[in-house]
């Protein structure tokens, strides 16, 4: 029982990390069909933000709190820059954005190596997050609980923005029908930029959170990007709901398979499950149905 | 061969609770040039989509006693049901000849596929003649004029050896002269095929239709010759009346 | 017809450069290096078919490359160890017993067949699962990338049976030929170059065939093709399987030429790196992918030796500039120029 709860929590924790990483991706992929391979490097930028802030603010706890909005800003601005300089020229060639943003990712990784050095940098976790939390029946690491809470908060905030604000209505309008949205007077240019800013900002927050779990280095993003994309594919585009379910589903599955086999076999098993799942629902868990031929 | 006809019985298409086609029953005989008209949202294109397998439907659509509904798109095409689209969709990077050759070749075996085309197949040659694009055979389809693209699509239907031709607004955007030519082309083709034309252009319909089915809100409102349909008060109410005022 | 002659001339030039010129002017070391690039070029030819002509952005060619490479490497390890021997690394890290699934690869015929068949079957299986369900575009790209990630992780986890992170290395002979003998190394180059030329002939025939035209039609208007009575999934699966088989053959040649295969050569990063040469050379051209792959590999070797950090920037910039601004690659710049001249 103890072990089962431990596995369950490990799965939820992994799921929350995947969710943070995939949330912004699903937004940009859903709205624009853009596959942003540099999303992982925006996460890396968020992680380095914590490192830089810790150089100024001695208290690790305060540094973390400051880093969350700052990481959002860093990731968001990088995303905005990418959108303005490159991606907006390429909306009619979504597959090619994948390769272009991969090039951007390579460059950003190398920038990180040249600025911060190739080895991982040391990011301290606040003392109040380094211990465990006693839930009565089991002990769980405080950092993982914090990330779980952060991902829930991020989903909640995004849901509020999407459903309650005019920006959200515009974003959803553009996701469902770009041409129609344009004809009814929504500036798709502005909406695209803002969406990219928010989606990339979420990557920054994910990066901040990841400093609590593992080492912070130039390849931090690459370790998560493939899984994050798998979440987006399994979840279906254009709906937060699907991303949430897919992230926790994949996280739990990975943890369960790991429990019964090895970590590497678990990865393969998860991949197989996703492919099989797409046999049943080729468009992911949720999809917006349209009448168009494509 | 008059036994081969397209017969729809109680065809129904539903999108998430919205009934787009609501129990359509109609029969189109070979040699008939049937026009399918109706206001926007009447379900004309959806009906064509259902027959060609693009959207799932209930009821029955048979051609020569073979059920068409809910088969895969390419299977239906191989049964001899061909269609065109509202927006001309030819393979723009390929030449006119290549477009037609692909349309003619779904029955080819792997060995033929893996070889280069040694000579123009006779049916392709004939289709080029019929659609008047013989001189442009090596032109990329993407650079053709709009009307020429529509003809190419019709040509692709011809070489495909379709017995049922479903054309979705084939003369949209064509000049009067091009419409005339297209109509005559359809009349010639219609002698050996079952042709259904979805069209908004009333003049075009009056000139070439042998029979007309009027759809309204997913149902058959009226059916008959052009004169009969025009005389039908229900039709005048929802559709033709307005069109005639416009004309 | 004029285009056909230009292609014959191009093919002859490549054959001459690879089979006559390169062996005459390059040192043994450089020739072996070129042999490695030729292996990349073979992968690139397949990517050109699948991506350039078929529109399938495959980010997992490393998997097929790796399958071919590991099959070959297993055979070489086994034959080095002798008829009933155990490969050295298994004694070090494993139980000292050859696993049952290694045994078939003692046989050279099985090995050669498996180099082609194993990648083909994996590609066929994935293709059936993916293309039949109309999973395509970005979804397919992401799945193929996830496959590469899963494959590399799987290999890393199997230290005792497949060498883990170290991979398989230290081969001494190749089907009975001593790999330390320079003459045999030259022979390997000729085999690789000959294979590349043969693969070019294969795609040439495919491109000029009716199948090639149909593949382009599927790439541009997949749904339209259905209404003409074809199942586009079958059309795509053929191109994907051929591309996979080519990558497998390339991997198998890579092993004796380079002397090592490890997960680092087959994962996400190398898989996507295969694409840049194809993009530069012109993804849908006949010779562009192969030439682009060789050029990029050559540039990487010369640049990264002296300026490792500069090479990464350069590679990143290539992806950005070529794909964003020259989607048809460099090889079409020439044809645009000639067309300008003709129209002027």
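Just so you know, glycine gets a Cβ as well, placed from its N, Cα and C.
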Quiz item: With the ranges A:171-193, A:194-216 to choose from, which does TrEMBL describe as transmembrane segment?
Solution: A:194-216
Quiz item: What range among A:121-141, A:142-162 does TrEMBL record as transmembrane segment?
Solution: A:142-162
Exercise. Mind checking which residues of the chain, 6+ beyond the ends of the transmembrane segment (A:70-88), have their Cβ under 8 Å from one of its Cβ atoms?
Key: 24, 28, 32, 34, 36, 38, 41-43, 45-47, 49-50, 53, 97, 100-101, 104, 108, 189, 192-193, 196-205, 207-208
Quiz item: Any contact between the transmembrane segment (A:194-216) and the transmembrane segment (A:42-64), i.e. 3 or more CB pairs below 8 Å with pairs at least 6 residues apart?
Solution: yes
Quiz item: Residues sitting near the transmembrane segment (A:264-280): Cβ under 8 Å, six or more positions beyond its termini, same chain?
Solution: 230, 233-234, 250, 253-254, 257-258
Self-check item: Residues from the same chain, set at least six apart from the ends of the transmembrane segment (A:95-112), whose C-beta lies under 8 A from its own
Solution: 34-41, 44-45, 48, 78, 82, 86-87, 217-219, 221-222
Self-check item: Intrachain residues whose Cβ lies under 8 Å of the transmembrane segment (A:228-252), provided they are six or more past its termini
Solution: 8, 11-19, 21-23, 25-26, 29-31, 35, 39-40, 155, 158-159, 162, 175-176, 270-271, 274, 277-278, 281, 283-288
